[in-house]
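Some features that TrEMBL has for this protein:
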- Tyr174: active site, proton donor/acceptor (ACT_SITE)
- Lys202: active site, schiff-base intermediate with substrate (ACT_SITE)
- Val245: pyruvate binding site (BINDING)
- 1-16: signal peptide (SIGNAL)
Amino acid sequence: MAFSTLLASSLRPTLAALHWAACKQCRGLSTPQGSEPSLNLGGIFPPLATPFSPTQEVDYAQLEGNLRRYASIPFRGLVVLGSNGEYPYLASRERVEVVSCVRRALPRDRLLMAGSGCESTQATIELTVSMAEAGADVALVVTPCYYRGAMTTAALVHHYTEVGDASPIPVVLYSVPANTGMDLPMEAVITLAQHPNIIGIKDSGGDITRMGLMVHKTRQEDFQVLAGSASFLLASYAVGASGGVCALANVLGDPLCQLDHLCRKGQWQEARDLQHRLIEPNMAVTRRFGIPGLKKAMEWFGYYGGPCRAPLAPLSPAQVEELRSTFSANGWL
């Protein structure tokens, strides 16, 4: 590799940090206590499924088709390359290309949150900078977990601090213990909430007590908590969450935005009734049948689901019937 390329690579995180500091100053992004957040994350974000062709290549035409349909739903924004986007199965180049494609199609008033988490701090910084260059507004950074026995509070605080310092866009922490086998420790969340470029967390663990405590302990900071599942969205709002990143929004986007609206208006009885009808379908496309189930359900509602990338396998005919029965029993089909 040429010396000039190596030098540019080594300077990239420093330049990104300087760019962030300059933007923060000129845009007035620092937030005094009690004021509005620097970037409002309130609302519903679908974590987009990545469409693949029958040969398992990213199908950008089908992605654009889904985006056209999502444009009519009042989402706060879209999450690209979260867990439901099969991000571990995409090359770095593909991940950046998907973000570029979504940015071109997405109205500027909708936020684009892009998953840029990698196992190493260096790789996470490099991909986060690339995501920003591709048009992402926010970086969603999952906890590194391969050496999870070594992922102490101190190690994770150091990791996220380095990423936050270097990122030219705001960072949202991502704790998804079902996939990583670990929760981001509460002590780490409280510490990282004080970082001026770390603005929130997507918590998919489902522990409402933990989420409420996060809201309480970070109330003096410019920091927002997002529910990571439609199954506990209402309960999350009740303890102070700002919004939700919900897999089911790929399928039932309008009802989830309606639930968001009802909670914000304090119409708790109507919100509860709607929440009850969403729990079983959400569990079916997450815990039970996972991404293959999510993609199959998308097809019933007019979206392109298509195949997953191997080694994720399609549902069996019996599983498809069970999934359909779950949506039908709750009045969605």
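Glycine too: its Cβ is placed from the backbone N, Cα and C atoms.
Just so you know, TrEMBL annotations are computer predictions that nobody has curated.
Rounded to the nearest whole angstrom, the C-alpha distance between Val245 (pyruvate binding site) and the residue listed as 'active site, schiff-base intermediate with substrate' is 7. Rounded to a whole number, the C-alpha distance linking Tyr174 (active site, proton donor/acceptor) with the residue listed as 'active site, schiff-base intermediate with substrate' is 5 angstrom. Other Cβ atoms within 10 Å of the Cβ of the residue listed as 'active site, schiff-base intermediate with substrate', summed over all protein chains shown, number 29. For Tyr174 (active site, proton donor/acceptor), the number of other Cβ atoms no farther than 10 Å from its own Cβ, over all displayed protein chains, is 28. Other C-beta atoms found within 10 angstroms of the C-beta of the residue listed as 'pyruvate binding site' number 29, with every protein chain shown included.
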